[in-house]
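Student: Below is a structure I'd like to ask you about.
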């Protein structure tokens, strides 16, 4: 057991995430996998910052943690997007955590970026911390039934202060019972027993890919009864489970009400089928039916819950396996009984087995008080020590179809390595009556004649080498030689693998035979009958295959050199040894050599056999114990005695007795052979039926598994066909797009080349035109330069003439006066033209200004309406802002208009000054005519100015932007009043 301080928890805290896209119809799940165990968080919303807030923990001890750190075992976290409507999962990315970073001290969480992120535009991260914590909870066996969620149990009114969760079973070692509930209130004694009676179809729990921990595994049922671990007697055959029903009982001190509450809280009993420390399947027995509410059945008879319960493999939910058909479902027959102490116990469940129908006697196991009671099977009888070089008999587990004969011959027996036989009996020294009386007293006897020799023949198949076939073989060697006294085949074990260019030594290949025979018969047999050694290829997946046979000529040893040695009794003995290699020739096809066999044979002659009797038993083994009895040899008749008849001589009687004995032994041997044949045929038939049942159940299991695999394969094939169609469509689309892109590229390239060619041609043509233009311009330049020179010369000539003419005309006064008049007229015309132009520009400016003001007013009105519609709640503030804005704009407009008016006024003043400067001379010339028109012109100017001011004021008022309180309107009114006042004053 691991101490509590060495028990740790690897805690991975998955806190939150960031930089995830929003997918409202999906959920996020994080699965963590460590050491083959997988844990997952609860689904959370797929937002940009998902909140997981989950801790995942694995139990581990320090030794295993150290091993994992040395191996750098990772903790892999995978993030999935789950669609709740279809249960489809998409892999988003994964994170690999290093176990070596986990410490027992608290560490700050870190952000880990998802690898192979599906959201390539987002750098999704998850905040994770990993730490080691001491596992403080009590150690629980991995196969114990976990407590069901607490249910509402009602406590009696007298114990209303007792919490149902506090009701536990406490062992009282002195009293030998479990106390459930308060000791003062709960005083009734009960007996609770669990019986596992039978099991069927257990082979369905082991898939084809599962490896069992042992070559010959033992299976057993395990459950926990009030904290006591209980296992039944192990069994090794899953197909035909044969075990005695066992009942485990516990003594309980409680009351019916408290016990009912306790059974409500612990409502299920888990029973596991185990192999070693691995659970192959489990089932749950409901216990709530034992004590039903308001039932008093327990006061009269035991209450039971019994039946055949289906075993489920532990990983069915994880692997999403298909359900097993009902007729193939593995079941276990269980009976749970509860009774008051002292009540007679009857059989609670009918014991059903497949192979036998007679009732079994259940074993009873009392669990209280707790003692270390180890239930073991019956011990096998001790065997005599096996001598070295013993040929071990073939066992049942190693048997295949090719070994049926060996199995049947050696069934329930052990092969004596040194078989004793009497092949050739000599003359009998006893009369017939003595032999018959001896047989009646102690069974059948064989008298070995004194002329026979005691031989020991040993065979050692050392090795095989020089393999000629092109594939490795997994071989055993097998032979039999009935002359040595045993017809059972001798085989090497275990199988060895032989490859090319290698020599393999055979295990357990030595065997020795002790027998008695005549030397000339031994020589004759060795010359006539060779020893045939068969080479078999063993395959776990198929039937054994006979590859070839080697012929060993045993007569070769007779010609080898004899060596002398002393026997166990100090007698002189002889030994002959012979070694060689023989080829093993193929049995099928051409007789080609397969491999060479190296062997050594030894023949030891221990001399003459003394007169002995061999008792032959009727057992199926055919081997007998040897009892040696010294026989009194009758004295030889004296020669002086009278000669008797030939039929009365001892030799004749001995020969007659020998013939009769031979006939009797032949009959006995034939009867024994028939009995053995019948027994062997019966055993073979039983074995065949058993194996047929096993094969049938295995075939059913395989068919069910293959049907499931076929369904998966069909689904996979359909998916593959769809995928292939999609790939074909996508590939054709890709080819089409590739062709289009290629054609478009070629077209663009052609267009580009054409445009480049045209641009080059245009450039060349443009350069030529520019050159021609330059040439033309040069010619024009020379021509114009020539014209300019001519014009300058002409101008100089005309200027000289003009000066001369001017000098001539300047001397005349009327000419000078006329020239001045012309100059003044020209200036007047020019000033009138400028005045008209200024007036037109002023009118145009006024029109543009009016349109701009109207447009500005319209835009302001639209802006005000939109602002009023959008921002009604902020009307006052926006009104102030609008007023400020209008005031500022009005101020700017007033400034601009004032500046423009000032510019106009300055222009008018400048024009008036110019007019006043231009006309003083004309006034002096016609002073009398100028006085009257001057007053009228001034009045007309004031009227025009007044009209213009009124038009400007009315234009501004019509725009709707200004009112009478505005400064510009007030200024115009003031100027109008001043003009009116001046006009009145002049009148």
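Using the three backbone atoms N, Cα and C, a Cβ is placed for every residue, glycine included.
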Student: In Swiss-Prot, one of 886-911, 912-937 is tagged region 'Disordered'. Which stretch would that be?
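Tutor: Range annotated as region 'Disordered' by Swiss-Prot: 912-937.
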Student: Per Swiss-Prot, which of 181-237, 238-294, 295-351, 352-408 is region 'Disordered'?
Tutor: 352-408
Student: Give the mean pLDDT for the domain 'C2 1' (1-112) on the 0 to 100 scale.
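Tutor: Looking only at the domain 'C2 1' (1-112), pLDDT averages out to 88.
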Student: Pull the DSSP breakdown for the domain 'C2 2' (438-567) and write it out as helix, strand, coil residue counts.
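Tutor: Across the domain 'C2 2' (438-567), DSSP assigns the residues as follows: 24 helix, 66 strand, 40 coil.
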Student: Helix, strand, coil: count each for the residues of the domain 'C2 1' (1-112), based on DSSP.
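Tutor: Helix/strand/coil tally for the domain 'C2 1' (1-112): 16 helix, 62 strand, 34 coil.
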